[in-house]
Amino acid sequence: MLPLSKLPARCVAPGGCGKLLQTCVWRAAWLRETEVEAAREHKVSLYTLMNWAAHAAFKAIRSEYPPLQRWLVLCGGGNNGGDGYEIARIAAEAGLRVTVLSIKRTKPLPPEATNAHTALVNRGGVAIHEVENWGDAAMSEGFDLVVDALLGTGIGGAPRGDYARCINWANTLTVPRVALDIPSGLNAETGTAEGACIRAELTVTFIGVKPGLLTGRARDYVGRLHYSYLLMGDWLLERERQEQIFCRRLSSLHLDWIVHPRSPCAHKGMNGKLILIGGDIGFGGAVIMAAEAALCTGAGLVRVLSRAQHAMTLLSRCPEVMVEELTEANLQKGLEWSTCVAVGPGLGQGEWGCEALAKVLAHCQQHPEKPSVWDADALNIMAAQLQKGGANPFATPLTNRIITPHPGEAARLLQCTVDEVEKDRFQAAKRLAETYGGVALLKGPGTVLYTAEGMDPATAPSITARSLLSTRYVLVDAGNSGMATGGVGDVLTGVIAGLLAQKFSEWYAACVGCLVHGTAGDLAAEVQGGERGLRATSLLKHIPICVNPPQKHQSDTD
């Protein structure tokens, strides 16, 4: 069994406060505005910050690609281009052969970028070409690495003209591409790419991690992410304590901070009674996988209500569960018995599923203290009622509910297009939670969670968990493309429900459940040697590892 420590890091950060600071996600606009304040408090110029960034990037690149000696640096007309001029000078001074390709400017460079350009020109020894003069002469010089410093975090919309041409040309090259701060063309706030965008193998980002590096299309363009806080760790930590961060990023690195051992005196009653409802004819596997996942996560007792013909299959595969046919009487009895509810996996959208969901809704409304997770066909039934118009009881906001849509389900629930959801995943998650109440978990690369209610500090199992989950947004940076297959969402439902059963809050269960689920998927892919061909059931054996991380760092439970 692969230990958590063997998973490749999604974001590399320096030691010290780097582990905490890489959980902090800051709005790119806020970072741009506060750079001046940061420089003033550190009593340095903005050009000095640029120099720090260039040195950090140079160090990261040399660490990743030590043999590569011939660099091409692409420089735009803003301060991102200034970073490029500065790293070109540093690389040349280190003895590397450097060529600079700059976009023809229609207006002067900003002051800091001007300083960097002047320092490079004064040093000499570096060929600087403008795009319109770029041709066979420069191409013949040869290079084995490209540094992208064309466009920074302020871009809005698709790159145009020479920028788009240069980006598209760079993407045809067969050498590594490294982006400074963010790949040119990628929206730093949302992770969308509306046009040409650099496909980097490595991105070195500065001061703070931006939302657009983690979600949307980011994984197509960012490559490995290296984060440098530029000697500003204390300044950033103070802003973190003041809760100025936009979002919290969780990765497998943080499991031991947020998942704590259960009481040695725990018994199955303390670990909850989950009722799981689903599995229409032809879809029994969904509810079976959800039930197994809940048990692997630590639920005390799991009762499944499904079609009668699924009982033998479920019991033969998972004898720990209790199974009954989904009838009105059994549903009423099961709901009264349960301490939490999961509904949706394989439920179907016929009369059988709709009637069951209506009973669940009524029960959750009458018992606001009882949490529930709604997924799959539960969400499809909600959306179908919206399409019919008129009164929609399923759309009633519930503060004790977690909904877990993928972008297609989210679009139906919000009555918009998938493109509109993906254009701003943070806003979509917020709209879902504000419309339907409770917690919204928007699946996808860089899963986004939002709580409409905020977290009650009293529900956090530890001081660290309280701190990490104090934001309205959480982004889970775990999981992989191999998990884009049938049944993986059902496993997620079971993991979250298993945590709800153990009396964790809806917000904690959704955030930690998503992290556990994504990390289990990464472990499964690592064990089998790749992402393609991953099966939902492959995650199950890795879930117990994720909910029982090493305890050597756990000393702050309160």
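Each residue's number is its place along the chain shown, starting with 1.
In case you wondered, yes, glycine gets a Cβ from its N, Cα and C as well.
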According to TrEMBL, which candidate in Asn79, Asn80, Asn271 joins Asp148, Ser184 at the K(+) site: Asn80
Chain-internal residues, separated by at least six, CB under 8 A from Pro445 (ATP binding site): Thr215, Gly216, Ala218, Arg219, Gly479, Ser481
Arg412 ((6S)-NADPHX binding site) as reference: those binding-site residues from Asn80, Asp148, Ser184, Met483, Thr485, Gly487 with C-alpha within 10 Å of it: none
His406 ((6S)-NADPHX binding site) and Thr485 (ATP binding site), Cα-Cα, nearest whole angstrom: 12
Densest Cβ neighbourhood among Asp148, Glu409 (binding-site residues), 10 Å radius: Asp148
Where Thr485 (ATP binding site) falls in three-state DSSP terms: coil
Listed binding-site residues Asn80, Ser184, Lys443, Thr447, Gly487, Gly489, filtered to Cα within 10 Å of Thr153 ((6S)-NADPHX binding site): Asn80, Ser184
